[in-house]
Amino acid sequence: MNPQAKLIFALSLTLGTTLTISSNHWIMAWTGLEINTLAILPLISKSHHPRAIEAATKYFLVQAAASALVLFSSMTNAWHTGQWDITQLSHPTSCLILTVALAMKLGLVPFHFWFPEVLQGSSLIVGLLLSTLMKFPPITLLYLTSPSLKPSILMTMAILSAALGGWMGLNQTQTRKILAFSSISHLGWMAIIIAYSPKLALLNFYLYTLMTAAVFLSLNSIKALKLSTLMTTWTKTPSLNAILLLTLLSLAGLPPLTGFLPKWLIIQELTKQEVALAATIIALLSLLGLFFYLRLAYCATITLPPHTTNHMKQWYNTKPTYTMVAVLTTMSLMLLPISPIILAVV
């Protein structure tokens, strides 16, 4: 792709995201969402592979439907209350339609079907954008409207997302699909807490973005799209593979790694809000996710390839590991001890 075109799309993504997260008016937020959708479509379909074109088409249709619902929800609210302000969403029908629209945008169950397919048709870097940056504007809208939304609907969606995200990721062999189901599962954790503590949901999103970026960039630097490829990469970058094991365990939420912090705080907050049953269910469902992260980690670091190859094994990779990967993996592993400082800032 032309570098100038890439620059335009990157600037458009930045503009769309900034516009949505900084707006007070529904029309401006909707405009930002539309700019984002139109900017990411050429990046998804740039390889001209049939699967990439299919992914771009699916993404466009789902996002266009969700944006139409956002517009419909805000217009219904404005019709009944005379308010276009995002924080003044009070009409019950508008709240319900908006919940559905943002669930479609994010890929929450039962509107999750498009997400694994779109991620599978994209490259790893575009997959990273879809899993992190493109989720930021809808999460912000959820954050702003959280006092108006029904906790029972969000909790049902959250538990279903954690269950299906873990369950459907068990049998996958493609790393992008595994990370897509991982994303759905993590969104469940954000959705369950956003009605009770919106700041905690945002903290969870930031830490999830950090860890997912580390995993995607690590997989991109070793060019691993399937589990079978992952088994043969230990000869190229032994140190990166060893760190990838720990990053995946952090994404699973094991102590004493960074990923344990949001899960711990969410379970604590849910217990304070007297929904201990939901906290217990979602904590047990995270074990499903732990299984497929362990499977990825096992393939990356512990297994040898099933057959011996005749060609010379390439020991160290000629390209250096990027500084960004080093910084992100370090933060994905070591932020738990400074959690009091993080909580003070948030």
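A Cβ is built for glycine as well, from the same backbone N, Cα and C atoms used for every other residue.
TrEMBL annotations:
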DOMAIN    23-288  domain 'NADH:quinone oxidoreductase/Mrp antiporter transmembrane'
TRANSMEM  96-115  transmembrane segment
TRANSMEM  124-146  transmembrane segment
TRANSMEM  152-171  transmembrane segment
TRANSMEM  178-197  transmembrane segment
TRANSMEM  203-222  transmembrane segment
TRANSMEM  243-265  transmembrane segment
TRANSMEM  277-300  transmembrane segment
DOMAIN    290-343  domain 'NADH dehydrogenase subunit 2 C-terminal'
TRANSMEM  321-345  transmembrane segment
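Over the domain 'NADH dehydrogenase subunit 2 C-terminal' (290-343) the predicted model carries a mean pLDDT of 75.
Counting same-chain residues at least six beyond the ends of the transmembrane segment (277-300), those with a Cβ under 8 angstroms from any Cβ of the stretch are 155, 158-159, 162-163, 165-167, 169-170, 172, 175, 178, 181-182, 185, 188-189, 192, 224, 227, 230-231, 233-234, 241, 244-245, 248-249, 251-254, 263, 266-267, 270-271. Tertiary proximity for the transmembrane segment (152-171) is limited to same-chain residues at least six positions away from its ends with a CB under 8 Å from its CB atoms, namely 96, 99, 103, 108-110, 112, 116, 177-178, 181-192, 194-195, 275, 278, 281-282, 285-289, 291-292.
Highest Cβ contact count with the transmembrane segment (321-345) among the listed stretches 124-146, 178-197, 203-222 falls to 203-222 (criterion: pairs under 8 Å). For the transmembrane segment (96-115), the residues of the chain that approach it from at least six positions outside its boundaries are 33, 58-59, 62-63, 65-67, 69-70, 72-74, 76, 89, 130, 135, 137-139, 141-142, 145, 149-150, 153-154, 157-158, 160-161, 163-165, 180, 183-184, 187-188, 191, judged by C-beta separation under 8 angstroms. In this chain, the transmembrane segment (243-265) lies out of contact with the transmembrane segment (124-146); the count of Cβ pairs under 8 Å, excluding pairs fewer than 6 apart in sequence, is fewer than 3.
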